Amino acid sequence: MSKPHSEAGTAFIQTQQLHAAMADTFLEHMCRLDIDSPPITARNTGIICTIGPASRSVETLKEMIKSGMNVARLNFSHGTHEYHAETIKNVRTATESFASDPILYRPVAVALDTKGPEIRTGLIKGSGTAEVELKKGATLKITLDNAYMEKCDENILWLDYKNICKVVEVGSKIYVDDGLISLQVKQKGADFLVTEVENGGSLGSKKGVNLPGAAVDLPAVSEKDIQDLKFGVEQDVDMVFASFIRKASDVHEVRKVLGEKGKNIKIISKIENHEGVRRFDEILEASDGIMVARGDLGIEIPAEKVFLAQKMMIGRCNRAGKPVICATQMLESMIKKPRPTRAEGSDVANAVLDGADCIMLSGETAKGDYPLEAVRMQHLIAREAEAAIYHLQLFEELRRLAPITSDPTEATAVGAVEASFKCCSGAIIVLTKSGRSAHQVARYRPRAPIIAVTRNPQTARQAHLYRGIFPVLCKDPVQEAWAEDVDLRVNFAMNVGKARGFFKKGDVVIVLTGWRPGSGFTNTMRVVPVP
């Protein structure tokens, strides 16, 4: 390890970029960043992996959990309920295979990503994997005739939006597959369009279609979404990534479908078009969190403006204390190559520096050749980026923005984070039932990991959505005496932290506890040396 900074005492946790962290200005902070300064062992940013053919076997999933996966995402635009039920079973089998060692056990969350009001093409020549080449300048007929649903080729393309002929005009653009293929409408019929291929390429089955500027009148929650969400409730998923959310009422509709049985499922709204960005505040208010879905967003709004939307949304989520996920094309080239491009490395790091709580992999883990390498790469980049955050300014601003409150949990959380900076603590240990105490601490972005001890498995899994929370599940029976039960859980967290290298004997940790059993009573902060 490099030598700790003189002001830092002896806690080894604080060597990462400490010289820079002590800078007085942001520019000085940047000047002091040092590529030879090792980051800490803990990674604070969550990693969400899409599970698909390349990663759904129990063996691969075990390796992905070891490499750092926190949330498994299932994309319901593809696959049947049977297929997804099997994937969920595999994720849980892989997760529970580590259960014999409570110290190394990681609760992995399951996320259901809805198809949402999106438009997709049909199957190419009856196969999910076939592709055809579309040549620039060629004529492509778009049809609504179901006879072609599974018989698309380079001359005719079926898609599943029945009103397309009403909402596009001659001269309109149609984008397919994240905008890789663009078509221009030349002629309109009652149930077909004739288009010219402006930008060609190879087209696969069931690709997404975007109609920028068109007033697409699809319902927020389709019939398929209702079935999928009910399936998710039965399968006990932890969160829903709701696609193409355009306004707050869309979120309420998803909430209504989840119903009483699914009331604890977190709803993360995916912002993927202009209306969603424009009405961001009302959507944030209604949601449990936000996903910056840059794929569709980059077609619906100009590509050069996506970073503005990303920074604005991450900023507002950080201000509101709600989790935000950065997604799409983060390590895209790793689908086919073992190393990312330099631009992708920067992109992952900058998403973390912007303040994202989680970063996501899509095709990289679902269908790529290097799923494990992609997870490891995100893990390494995130850790380095977290060390380079200018906490001095960040904490100051978050604290200033927080409303004055008489809520003991809020006040204790701010105090704990402030104290953790002052004494360079190795971790902040929080005992939490509903997860709220841990979320409050995470909101102030401490440098040290937050070890959240809970007996509620769902609280543990959902905690991965928040930056910095390292959830651990306590399976020991509740002790009769409250004080003994507190000690039991704090010691459990100490053992986890030592085993994982977050801190060692002699370091200090901050411990947050309640004064009586139940939720909502966290009000005590202690500074404790590690035994």
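In case you wondered, yes, glycine gets a Cβ from its N, Cα and C as well.
Since we're looking at a predicted model, the values are computed, not measured.
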Checking Thr41, Thr341 against Swiss-Prot, the one recorded as phosphothreonine is Thr41
Here the binding-site residues are Glu272, Asp296; the one whose Cβ sees the most other Cβ atoms within 10 Å is Glu272
Those same-chain residues, other than Asn70, Arg106, His464, found with Cβ within 8 Å of the centroid of the L-serine-site Cβ atoms are Gly46, Ile47, Met69, Val71, Pro107, Val108, Ala109, Arg461, Pro471
In three-state DSSP terms, Asp296 (Mg(2+) binding site) is classed as helix
CA pair Lys266 (N6-acetyllysine) / Ser77 (ATP binding site), Å rounded to integer, equals 20
The rounded CA-CA distance in Å from Lys433 (site 'Crucial for phosphotyrosine binding') to His464 (L-serine binding site) is 15
By a 10 Å Cβ neighbour count, the lowest-scoring of the recorded positions Lys62, Lys66, Arg120, Lys475 is Lys475
Its Cβ having more other Cβ atoms within 10 Å than any other among the recorded positions Asn70, Ser77, Ser97, the winner is Asn70
The rounded CA-CA distance in Å from Lys166 (N6-succinyllysine) to Glu272 (Mg(2+) binding site) is 22
